Amino acid sequence: MVATFVSRGLGFVKTILLVAAIGATSDYAGGQAFETANTAPTYLFALIAGGVLGAVLVPQIVRNLDAGPVGRENTDRLLTVVLVGGAAATVLLTLCAPAIVAAYTVGWSDEWRTLATSMAYWCLPQVFFLIAFAVLSQMLNARGVFGAPAWAPAISNLLGIAGILVFLLALPSGLDDAASWSPLMIAVLAGSATLAIAVQALLLIIPLRQIGFRMRFRWGVGGLGQMSTVAGWTLLGVVAGQAAYLVTANVANNAGHALNRMEVDGASLNSLSLAYLLALLPHGIVTVSLTTALYTRMSALAGRNDLAETDKHSSVATRPVAYVSIAAAALFVAVGPLLTQLIFGSAVVGHVLAVLSLGLVGFSQAYVLNRTSFALQDARGPFCTQLVIAGLSAAGSAAALLLPPESTVLGIAAGISVANLAGWLTAHLALRRTFRMRGHLPARRPHEVLYYLRLLTAAGVSAAAGSILVSVVGAPVGFVGRAALLAAAAVVVAGVFVGLTRLLGDRSWDGIRRR
């Protein structure tokens, strides 16, 4: 948890510096171009291998640990396929940079697209290193080593910060129009981002050697049949998600481009991404950390067919996740614009954050439930969940085209929130079905409904209290005044939420503190 917190904190600092360097809204061509170029590797990684690796590696490696030499050979084959295939795919994707950028920027001018393409040539090699990091970290997690995979992103963020500082201190401003960007500016900004991702992966070689792992390249598909079934469903889910993002990116990019031409400072794709980054901070610190540790345990329990304990472990994770997610949503609704005005210099991102946070609990709960399904070697349920989320997100983004450019990204955020809540329901129903098909009848938990009603009641009251405080005080001038109001509003929201949930008989906060 500490490593995750430090990593997220450094990532937050990196983001603040990046916004200072290239902007956060439609006013800045460089910010929008870099957002498109630097997020493309992440989404392409997810399309190629991201979801598949998470679904396949840990359960299979845990099983292989007990399978002797045959299990070791199967693991080597899997790693060989992933790493060699990932390297080949990365080379191909980098060569296709112009086509990839064009797919995300249908409505952009040639000048903007040329800038984004130049950045993409530097950024797309990240795909291989993201794959390598996923493989190596999952190997360590499967063997009960969690520290190194958690700390490596922190070091990566430090390198990213160093690269941005060089850009800020030694190069011309990145806040001017697209024509002002030189090849050196592009190389420093995009190249340092890729270097940071590469180091993140390479750092994991050391702890792997310390636990005695020596990979041998083995060719063939022997022993991978069961994994291919899970991977197939997972890949279909990822494809659906990436198709939805393609729609979202184009709609948001078109809005940003139009606003820039109108000389209106509004929300664009980089604004949406920054809002997502903030909204997912609680998810990354609490949900991912908690689920990462439980996932290996659930995979082992499911491998022994102990379905009752697997179900119990999944249920144990959902309560603190719900508590933190709903509390965070209340905070973001109350102080979102004030928060982003303070750290990014723009309240525009905060309005998007407030809307996105409404679906945060759905996003995090679906994540926990889907990981349980993967531990059970079932990827059909997560596929259905992803299909629902992707379909509703794409529909919401398409509907946002009907809104004026100033409101387009807010409409996209609303669609994403609805999609995440629907995904939670889908994941819940799919997991119950999986347990029943495996011969385990999940316990009915009618008290869960009351639990969520208590949390939602407390969230509504606390968000209202914080919003009233911000509204009554007004917009203070200067950093100190805004920071003081933000701190006061955060204390009010947190105090009312924790106090009211306790008054309603909930003791989740006590359990979270003990963790």
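Using the three backbone atoms N, Cα and C, a Cβ is placed for every residue, glycine included.
Listed features, source TrEMBL:
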- 12-34: transmembrane segment (TRANSMEM)
- 40-58: transmembrane segment (TRANSMEM)
- 78-107: transmembrane segment (TRANSMEM)
- 148-172: transmembrane segment (TRANSMEM)
- 184-208: transmembrane segment (TRANSMEM)
- 229-252: transmembrane segment (TRANSMEM)
- 272-295: transmembrane segment (TRANSMEM)
- 316-336: transmembrane segment (TRANSMEM)
- 342-363: transmembrane segment (TRANSMEM)
- 383-403: transmembrane segment (TRANSMEM)
- 409-431: transmembrane segment (TRANSMEM)
- 452-477: transmembrane segment (TRANSMEM)
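With pairs at least 6 apart in sequence, the transmembrane segment (12-34) and the transmembrane segment (148-172) have 3 or more Cβ pairs within the 8 Å limit; the two touch. By the Cβ criterion (distance under 8 Å, sequence gap of 6 or more), the transmembrane segment (409-431) is counted as touching the transmembrane segment (342-363), at least 3 such pairs being found. Between the transmembrane segment (12-34) and the transmembrane segment (452-477), the number of CB pairs under 8 angstroms, six or more residues apart, is fewer than three, so the stretches are not in contact. When Cβ distances are compared across the two stretches, the transmembrane segment (342-363) makes contact with the transmembrane segment (272-295), since 3 or more pairs at least 6 residues apart fall below 8 angstroms. A Cβ distance under 8 Å defines the sequence-distant neighbours of the transmembrane segment (316-336), meaning residues of its chain 6+ beyond its ends; these are 278-279, 281-283, 286-287, 290-291, 294, 350-351, 353-354, 356-358, 360-361, 363-365, 368-369, 451-452, 455-456, 458-460, 462-467, 470, 486, 489-490, 493-494, 497-498, 501, 506, 508-509, 511-512, 515.
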